[in-house]
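Record features (TrEMBL):
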REGION    1-46  region 'Disordered'
COMPBIAS  20-33  compositional bias 'Basic residues'
DOMAIN    91-288  domain 'Peptidase M24'
BINDING   His154, His262  substrate binding site
BINDING   Asp174, Asp185, Glu382  divalent metal cation 1 binding site
BINDING   Asp185, His254, Glu287, Glu382  divalent metal cation 2 binding site
Amino acid sequence: MSGFVYSCHTRDGANAGDAKKKKKKKKKPKKKRVEQSDPPRVGLSKIFTDGVYPEGEVQPYKNDNAWRTTSEEKRYLEKMALEDPEVTYQNIRRAAEVHRQVRQYARKYIRPGQSLTEIAEYIENGTRALVEENGLESGVGFPTGLSLNNCAAHFTPNAGDATILQSGDVLKVDFGVHVKGRILDSAFTLTWEPTYDKLVEAVRAATDTGVREAGIDVRLGELAGYIQETMESYEVEIKGKVLPVKPIENLSGHSIGVYQIHGGKSVLLVKNEDPTKMEEGDYFAIETFGSTGRGRVVDSGDCSHFAKIIDAPRVPIRLTSARSLLRTVTTNFGTLPFCRRYLDRIGESKYLLALNHLVQQGIVQDYPPLCDSIGSMTAQFEHTILLRPTVKEVVSRGDDY
């Protein structure tokens, strides 16, 4: 209804129109909700002004743990977790929302003909802006993985890399966001022609199986079996030849610690005897890789990914340049993974000798690209899940995957 009130009573036959109208109150202009720009550059705190970020997809626990959903005690624990700023889910959800928004634009942006460096910078610039990068408080979680074709993981372009994305390529896009060390790790695969659609479908389905079957008290070896079963139910036809989709047996999903991308527990992709159980409060990256090749990766090519080892030995570093580089790494990345481009970006140069020295001393871990046999194709999908006391939250779930 409009805000006008008309007086209907007239005196001595005077016109109703002569009756005094109530003064129309000036409406305050409605605060316009801030929208994301293209390319994405609007920090999330300007969009979610109350500091409350969207919850991920909630999946109830199954079987022996179904009681948790309605347990008063577990609901109380969860409420306490939300009230404790250190354990808060908001940091994780903020990182997840950054990932969702950046990838939404990246999926429209990435096209054959672009260089891998352009793609990496598009994703990283968006991530830094949306998470409102601030030293070790918030920023990029790890280098943007842009692994092509038979290369499954840990490739990001180094300076001077001129690789151009081709229309027949299978591209794995794996990037991370962190808020106060809570790393959101999620990945997807892009193709531009239908040849490998079934491969992509198989891996996406296997990841969804891993997410669905994960839960408190689930044994990691059994979870791997469910993933394997889904993946192996697919096949790909290439040039009239039918190939099985194989899970890559020496890659795995992993628990995630604070400022620690690999937290100690691993979810392999083939059934095994690992009796380790998932526990309440665990934070996991469920990622699966499928291949049309041998289903096993080896180190291959120039290394780009590195990370300072959390419990690195305290050894004397004789090289002055290595001591200086270690200070730079500790200040800028802590134990978060970094790449050579990130060192270039903060003004380091001629650091390769020093970096290799830190690797040899066991202070920094190198993560070379991991590739299957030449000519094979690999795909990847990954989600991050949080095993809350009452429910499982798939924090990285979006409309896309």
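Backbone N, Cα and C atoms are what each Cβ position is placed from, and that goes for glycine too.
Curation plays no part in TrEMBL annotations; they are all automatic predictions.
The structure displayed is predicted, hence computed values, not measured ones.
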Set of same-chain residues at least 6 away whose C-beta sits under 8 angstroms from Glu382 (divalent metal cation 1 binding site): Asp174, Asp185, Ser186, Ala187, Phe188, Thr207, Gly253, Ala285, Ile286, Glu287, Thr288, Ser396
Neighbours of Asp174, Asp185, Glu382 excl. site residues, C-beta within 8 Å of centre, divalent metal cation 1: Gly145, Phe175, Gly176, Ser186, Ala187, Ala285, Glu287, Gln380, Thr384
Beyond the site residues Asp185, His254, Glu287, Glu382: chain residues whose C-beta lies within 8 Å of the centroid, for divalent metal cation 2: Asp174, Ser186, Ala187, Gly253, Ile256, Phe284, Ala285, Ile286, His383, Thr384
C-beta crowding around His254 (divalent metal cation 2 binding site), within 10 angstroms: 19
His254 (divalent metal cation 2 binding site) and His262 (substrate binding site), distance between Cα atoms, whole Å: 6
Mean per-residue pLDDT computed across the domain 'Peptidase M24' (91-288): 97
